[in-house]
Each structure stands twice: as C-alpha cells, then as structure tokens.
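A.B. asks: What Swiss-Prot shows for this protein is this:
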{"type": "TOPO_DOM", "residues": "1-11", "note": "topological domain 'Periplasmic'"}
{"type": "TOPO_DOM", "residues": "80-90", "note": "topological domain 'Cytoplasmic'"}
{"type": "TOPO_DOM", "residues": "112-133", "note": "topological domain 'Periplasmic'"}
{"type": "TOPO_DOM", "residues": "155-168", "note": "topological domain 'Cytoplasmic'"}
{"type": "TOPO_DOM", "residues": "190-207", "note": "topological domain 'Periplasmic'"}
{"type": "TOPO_DOM", "residues": "229-249", "note": "topological domain 'Cytoplasmic'"}
{"type": "TOPO_DOM", "residues": "271-281", "note": "topological domain 'Periplasmic'"}
{"type": "TOPO_DOM", "residues": "303-333", "note": "topological domain 'Cytoplasmic'"}
{"type": "TOPO_DOM", "residues": "377-392", "note": "topological domain 'Cytoplasmic'"}
{"type": "TRANSMEM", "residues": "12-32", "note": "transmembrane segment"}
{"type": "TRANSMEM", "residues": "35-55", "note": "transmembrane segment"}
{"type": "TRANSMEM", "residues": "59-79", "note": "transmembrane segment"}
{"type": "TRANSMEM", "residues": "91-111", "note": "transmembrane segment"}
{"type": "TRANSMEM", "residues": "134-154", "note": "transmembrane segment"}
{"type": "TRANSMEM", "residues": "169-189", "note": "transmembrane segment"}
{"type": "TRANSMEM", "residues": "208-228", "note": "transmembrane segment"}
{"type": "TRANSMEM", "residues": "250-270", "note": "transmembrane segment"}
{"type": "TRANSMEM", "residues": "282-302", "note": "transmembrane segment"}
{"type": "TRANSMEM", "residues": "334-354", "note": "transmembrane segment"}
{"type": "TRANSMEM", "residues": "356-376", "note": "transmembrane segment"}
Amino acid sequence: MSHDPQPLGGKIISKPVMIFGPLIVICMLLIVKRLVFGLGSVSDLNGGFPWGVWIAFDLLIGTGFACGGWALAWAVYVFNRGQYHPLVRPALLASLFGYSLGGLSITIDVGRYWNLPYFYIPGHFNVNSVLFETAVCMTIYIGVMALEFAPALFERLGWKVSLQRLNKVMFFIIALGALLPTMHQSSMGSLMISAGYKVHPLWQSYEMLPLFSLLTAFIMGFSIVIFEGSLVQAGLRGNGPDEKSLFVKLTNTISVLLAIFIVLRFGELIYRDKLSLAFAGDFYSVMFWIEVLLMLFPLVVLRVAKLRNDSRMLFLSALSALLGCATWRLTYSLVAFNPGGGYAYFPTWEELLISIGFVAIEICAYIVLIRLLPILPPLKQNDHNRHEASKA
C-alpha cells in the first residue's frame with residue numbers, strides 16, 4: 001500500500017462548508033465596513049487599548065495554533081524524526097492558513113492600513129521595533145510556507161519539471177521555515193515588555209516573556225497536530241490513516257515542554273517575589289490558576305500509559321494544552337493589561353464575528369483543499385470506507 005499523500009475526493013460543498021459559509025460572508029462584509037468607515041464603526045478599540053481581540057486572538061493565539069508545521073519541521077528535519085513525516089503536509093496547510101489570517105488581522109487592526117507598505121520600503125525601516133521584526137518576519141515566513149506547500153499543488157497539476165527544480169532548493173526553504181518563527185514567536189512575547197507596570201505582575205516578566213512565548217508556540221504546535229488529526233479522523237468516521245501511534249510519541253515532547261514552562265513560570269514568580277499574587281483571590285489570580293490547571297491536566301494525563309493510549313484522552317489533553325497556552329497569550333497581551341486613565345475595552349459583537357469568520361475561513365479552506373490536493377495519507381483501502389469518507 002502506498003503511503004504517498006492523496007486527494008481525499010468527495011463533494012467540495014459539504015455540510016461543514018454550508019454551515020460555516022454564512023459566517024464567512026458576514027466576516028467579509030464587516031471587514032469591508034471597517035476598511036471603508038474606520039475602526040470605530042466595528043470595534044471598541046480606543047487610545048488606551050490600541051489593539052484588542054484581533055491581535056490577542058487572531059494574531060497571537062491564531063499564529064500559535066498555526067505552529068504545527070513549524071514544530072514538525074524541527075522534529076522531522078532538525079532532529080531527524082522521519083516517522084512524523086506523514087503529519088507534515090496537513091500541519092503545514094493549517095499553518096499557512098493560520099499565519100495568512102493572522103496577517104490579515106494585522107491589516108484590519110491597523111488604523112491607517114494604507115501605510116503598511118512602508119514596512120518593506122528601505123529608508124522607512126525601524127530596526128529597533130519589535131513590531132517591525134514581527135511584521136516583516138511573518139510576511140517572509142508566509143511566503144516560505146507557500147513554497148514548502150507548493151509541491152502538493154505541483155503534484156496535483158502534474159508539473160514534474162517545476163517540482164524537481166523546487167526540490168533542489170527545498171533544503172534551504174525548510175531551513176528558513178525552521179528559523180523564522182523562532183524569531184517572531186519570541187518577539188511576540190517581547191511586545192508587552194514595553195508596557196511595563198501596565199501589565200499585571202503575574203504576567204509581566206522583562207527577561208522571560210520571549211522565552212515563554214517561544215515555549216507556548218512549540219507546545220501549541222505539537223498539540224494542534226494531535227487536535228486537528230483527531231478531528232480529521234472523526235470527520236472521516238474512523239476511515240482515515242491510523243496516526244494514533246505517532247500522536248502518542250508526540251506526547252513525550254509535549255510533556256517535557258509543559259514541564260519546562262510550568263517550572264520556569266513558577267520559578268520566575270518565586271525569584272521575583274510575586275508568587276503571593278497568585279493567592280490574592282482576585283480575578284487575576286483566578287485567570288492564573290485556570291492557565292496553570294489547563295497545562296497541568298495534560299502533563300498528568302500523558303504520564304499514565306493507559307490514558308495516553310486512549311484516543312479521547314489524547315484529544316482532550318491536546319485541547320487542554322492548547323487552551324492553557326491560549327489563556328496565557330490572551331491574558332498577558334490583553335486581559336492583564338491596564339493602561340490606566342479610565343480606559344476600558346470589551347470586543348463588540350462585530351469584532352467577535354470577524355474573528356469567528358476567520359476560523360470559519362480556515363476550516364472551509366482546509367476541507368476544500370484536502371479534497372482537491374494530495375495532503376492526507378491514503379485512506380484505508382475499502383470501497384465502503386471511501387464512500388463514507390467522501391460524505392464527510
């Protein structure tokens with residue numbers, strides 16, 4: 001049996017596409033409204049909160065969820081764990097969508113979006129800006145991911161010569177793909193260092209924020225591979241390739257990274273004499289313990305062999321790790337930020353609908369492309385299974 005990726009086939013306009021389609025339309029209409037009538041027409045952003053849910057969720061959390069391709073690139077190509085190679089293309093596709101939509105969120109969040117091209121014009125570079133590094137590095141990485149994913153398109157179109165030429169330089173492209181997120185994911189942690197005391201002490205750490213951001217990127221990257229793979233398997237009604245053994249192996253890496261993060265998190269609080277704030281009994285201490293417990297759950301569960309080999313517990317553990325890291329990113333960038341001056345922020349329903357629409361776009365585009373392009377490993381060779389999968 002061939003292990004080469006194959007198009008899933010089946011109907012393009014499936015039930016999930018029909019369900020999420022209206023959300024995409026609403027999202028697009030609201031984006032047009034924002035671009036034409038300004039930020040105030042759809043958002044609650046103000047002078048104290050220059051960025052909100054579009055940055056905290058769509059960018060910081062969204063690109064964290066999109067780190068699956070990057071995390072697997074390190075596992076497969078840097079640490080030579082070739083057994084994970086079947087997981088690379090699905091993860092890379094999700095990463096490409098996640099980062100692209102994260103870039104779009106920046107575009108709609110910036111007040112004078114027509115000035116964005118100045119980021120890339122020599123003479124206008126602000127090389128001391130973390131925002132500059134993040135924006136330019138992300139843009140380059142999106143292009144790198146497009147090149148990494150191009151072989152799937154070339155194979156589908158039968159462009160053998162182009163595929164051969166691309167494969168000759170793929171080693172360099174992969175090296176860039178492994179390097180670039182290491183830079184901008186750590187920089188995303190540096191974004192709030194300049195906010196100083198305006199970020200609650202439980203999350204403000206001038207030395208550790210970049211490292212915490214990088215660690216959560218790796219944790220989210222490996223966890224999303226298990227999460228998305230489990231959903232695909234459920235969507236194919238159990239007829240997809242059996243990748244559970246690979247997921248179980250990934251849990252070892254996730255457990256180590258979670259342990260490192262938690263130890264460093266508490267170590268920093270103890271060293272800076274801030275641990276008492278975690279027991280203050282206020283809103284921020286509750287958010288802190290929610291974050292910690294969400295990360296402790298998979299750390300405990302994944303240490304028990306029986307639970308680790310259970311598909312449902314694998315899924316729940318990956319989901320818990322994702323939510324824990326997402327909570328940390330949301331809190332340090334938005335919830336724990338207090339600019340003073342009486343400023344307050346809460347996302348409007350239009351802001352939330354745009355963010356929900358981004359998720360809907362990614363889901364629908366992912367479903368469409370796995371049906372058209374060789375992304376997933378072959379299904380189990382059974383006519384009934386193929387029929388069931390095509391209806392998914």
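Backbone N, Cα and C define each Cβ position, glycine as well.
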A.B. asks: Between the stretches 12-32, 91-111, 356-376, which wins on the count of C-beta pairs under 8 angstroms to the transmembrane segment (208-228)?
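C.D. replies: Of the candidates 12-32, 91-111, 356-376, 91-111 scores highest.
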A.B. asks: At an 8 Å Cβ cut-off, counting only pairs 6 or more apart in sequence, do the transmembrane segment (169-189) and the transmembrane segment (282-302) clear the bar of 3 or more pairs?
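C.D. replies: No, since the transmembrane segment (169-189) and the transmembrane segment (282-302) share fewer than 3 Cβ pairs closer than 8 Å, they do not count as touching.
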A.B. asks: Within this structure, do the transmembrane segment (282-302) and the transmembrane segment (250-270) have 3 or more Cβ pairs under 8 angstroms, counting pairs 6 or more apart in sequence?
C.D. replies: yes
A.B. asks: Can you tell me which recorded stretch out of 12-32, 59-79, 91-111, 134-154 has the most Cβ pairs within less than 8 Å of the transmembrane segment (334-354)?
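C.D. replies: Between the stretches 12-32, 59-79, 91-111, 134-154, 12-32 has the largest tally.
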A.B. asks: Which residues of the chain, 6 or more past the ends of the topological domain 'Periplasmic' (190-207), have a CB below 8 A from one of its CBs?
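C.D. replies: Distal contacts: 130-131, 134, 213, 268-269, 272, 274, 277-278, 284-285, 288, 328, 331-333, 336-340.
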A.B. asks: Using DSSP, tally how many residues of the topological domain 'Cytoplasmic' (155-168) sit in helix, strand and coil.
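C.D. replies: Counting residues per DSSP class in the topological domain 'Cytoplasmic' (155-168), I get 12 helix, 0 strand, 2 coil.
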A.B. asks: For the topological domain 'Periplasmic' (190-207), what does DSSP give as the number of helix, strand and coil residues?
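C.D. replies: Helix (H, G, I), strand (E, B), coil: 7 helix, 1 strand, 10 coil.
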A.B. asks: Counting only residues 6 or more past its boundaries, what in the same chain has a CB within less than 8 Å of a CB in the topological domain 'Cytoplasmic' (155-168)?
C.D. replies: 7, 147, 372-374
A.B. asks: What parts of the chain pack near the topological domain 'Cytoplasmic' (303-333), using Cβ distances under 8 Å and only residues at least 6 beyond its ends?
C.D. replies: 55-57, 60-61, 64-65, 188-189, 191-192, 199, 203-204, 209, 212-213, 216, 219-220, 223-224, 226-227, 230, 233, 244, 247-248, 251, 254-255, 258, 287-288, 290-295, 297
